[in-house]
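Single-structure report; data block below.
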Amino acid sequence: MKTIIALSYIFCLALGQDLPGNDNSTATLCLGHHAVPNGTLVKTITDDQIEVTNATELVQSSSTGKICNNPHRILDGIDCTLIDALLGDPHCDVFQKETWDLFVERSKAFSNCYPYDVPDYASLRSLVASSGTLEFITEGFTWTGVTQNGGSIACKRGPDSGFFSRLNWLTKSESTYPVLNVTMPNNDNFDKLYIWGIHHPSTNQEQTSLYVQASGRVTVSTRRSQQTIIPNIGSRPWVRGLSSRISIYWTIVKPGDVLVINSNGNLIAPRGYFKMRTGKSSIMRSDAPIDTCISECITPNGSIPNDKPFQNVNKITYGACPKYVKQNTLKLATGMRNVPEKQTRGLFGAIAGFIENGWEGMIDGWYGFRHQNSEGTGQAADLKSTQAAIDQINGKLNRVIEKTNEKFHQIEKEFSEVEGRIQDLEKYVEDTKIDLWSYNAELLVALENQHTIDLTDSEMNKLFEKTRRQLRENAEDMGNGCFKIYHKCDNACIESIRNGTYDHDVYRDEALNNRFQIKGVELKSGYKDWILWISFAISCFLLCVVLLGFIMWTCQRGNIRCNICI
């Protein structure tokens, strides 16, 4: 029995002994990539969540809270609407001749003149806003037989009764109001905008006291259009002490065309025209303060940076702005797939390369080498493969911004109650566009992320194959991203492998000799398993033989009696 125990002990020592080649005659070289303890989750085409070492947020979700006055010219409407400034409301006289890129209307704006309405308010507001100017040219209209410059206590200019400065209220002269027929040709080479109106008295008595006739009529024509308006006499809700109203209309006269005005009463006549310009100017409702700063993109919430391709601050924008999307976040991968390092390994406790996990602490590159040789252990980055990956990734964000950032503005849409169907259709179209852009944005980012991860994986594989081609039969692929080098390889040798100057032939004979010696005695884990199973089987067989012999011996001595019955 003692002999068997001794042999078993010797056998176990033989199995557990250090293998030849784990001394200074071999080295280990592993290839790996950068990793971080806590990566960032991004979405790809194939995965909803995949962890990468670094990612950039693509959605701007906050504003500065203020509107920057540079590089866009911002005109603060203060307490005036654009239409009030256009008509010449007394408290808006400061805006005469003003120009702007963006006119900012405030919620506190109010009218302080004769009560009026504009049947096509949204179109007029948008037209004037895009022109970017309130430049007004007075013309010499001749109104014979009527009283001009009518005014009202509801529209005081200083202590006196007044009226809109750009309009001329015509009333009867003595007891007559003749038929007016005035023409005004456009001999210039630009469009002219004429603002005019019609007065709706609250009573028949007011109608005749102002215009003599029981009902007036206003017709304004050009070669391209004609509008005939008849006043609607009747009481309306009281505003600033008045129950009568004025309706404002507008006509554009092209170069070479003629403006014709015909009326027998109730006419609010133009005093001249606004010079129309084509441009990128616009208007926005906002209560954000205007500050001295620089920003290309403006929203009602305030200016926002345009260094991201998407934003979800506001659908209404002006300038070079990111596209509005519904998502609160879209992350673009700007690093590789993250596989955190298994901390229990130590540097070379159980050496492993990129196939098993990444390496934390690689601050000078994305890809690199770790080695273990007779001089110790070390690590170095591979700058060439790192730079190749970075160069291809760096342009991604700029390309996405170029695809989405355009010089455009999304203005507010306004519709009257009778245009409810148009408003519903417009809202549906806008919502559909936003849904489409949101889907496209998510798809675009997922595609770019997939490409980034595939790209960085490819660079790792290229570096591994490059190293394999250098080492050839001088080393063995260990299957985990590492090579077992079968010759003595000091730090200079390791450096030659990293920089591509390794000479395979110099070490060939030594590597073949060491490989032969090691392979001759090396027991792989598979052979150990076979030996253990064979040993177990032999032990069981010997135990059975001993037991059977003991039974036969006792039977011969008569100590055991065995009866076999059939």
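Please read every residue number as a count from 1 along the shown chain.
Each residue, glycine too, has its Cβ placed from N, Cα and C.
These features come from Swiss-Prot:
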SIGNAL    1-16  signal peptide
TOPO_DOM  17-530  topological domain 'Extracellular'
CARBOHYD  Asn24  N-linked glycosylation site
CARBOHYD  Asn38  N-linked glycosylation site
CARBOHYD  Asn54  N-linked glycosylation site
DISULFID  Cys68-Cys293  disulfide bond
DISULFID  Cys80-Cys92  disulfide bond
DISULFID  Cys113-Cys155  disulfide bond
CARBOHYD  Asn181  N-linked glycosylation site
DISULFID  Cys297-Cys321  disulfide bond
CARBOHYD  Asn301  N-linked glycosylation site
DISULFID  Cys489-Cys493  disulfide bond
CARBOHYD  Asn499  N-linked glycosylation site
TRANSMEM  531-551  transmembrane segment
TOPO_DOM  552-566  topological domain 'Cytoplasmic'
LIPID     Cys555  S-palmitoyl cysteine
LIPID     Cys562  S-palmitoyl cysteine
LIPID     Cys565  S-palmitoyl cysteine
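Ranking the recorded positions Cys80, Cys92, Asn181, Cys493, Cys555 by the distance of their Cα atoms from the Cα of Cys155 (disulfide bond) places Cys92 first. A count of other CB atoms within 10 A of each Cβ picks out Asn54 as the most crowded of the glycosylation sites Asn38, Asn54, Asn181, Asn499. Considering only the disulfide-bonded residues Cys80, Cys297, Cys489, Cys493, the residues lying within 10 A of Cys68 (disulfide bond) on a C-alpha to C-alpha basis are Cys297. When the disulfide-bonded residues Cys92, Cys113, Cys293, Cys297, Cys489 are compared by the number of other CB atoms within 10 angstroms of each CB, Cys293 has the fewest. Per Cα geometry, Cys113 is the residue among the recorded positions Cys113, Asn181, Cys493, Asn499, Cys555 nearest to Asn301 (N-linked glycosylation site). Confidence across the topological domain 'Cytoplasmic' (552-566), taken as the mean pLDDT and rounded to a whole number, stands at 67. Here the C-alpha separation of Cys489 (disulfide bond) and Cys293 (disulfide bond) works out to 61 Å.
Straight-line distance linking the Cα atoms of Cys297 (disulfide bond) and Asn181 (N-linked glycosylation site), rounded to a whole number, equals 49 Å. Candidate recorded positions: Asn38, Cys80, Cys321, Asn499. Nearest to Cys555 (S-palmitoyl cysteine) by Cα distance: Asn38. Comparing the Cα of Cys80 (disulfide bond) with the Cα of every entry in Cys113, Asn181, Asn499, these being the recorded positions, the smallest distance points to Cys113.
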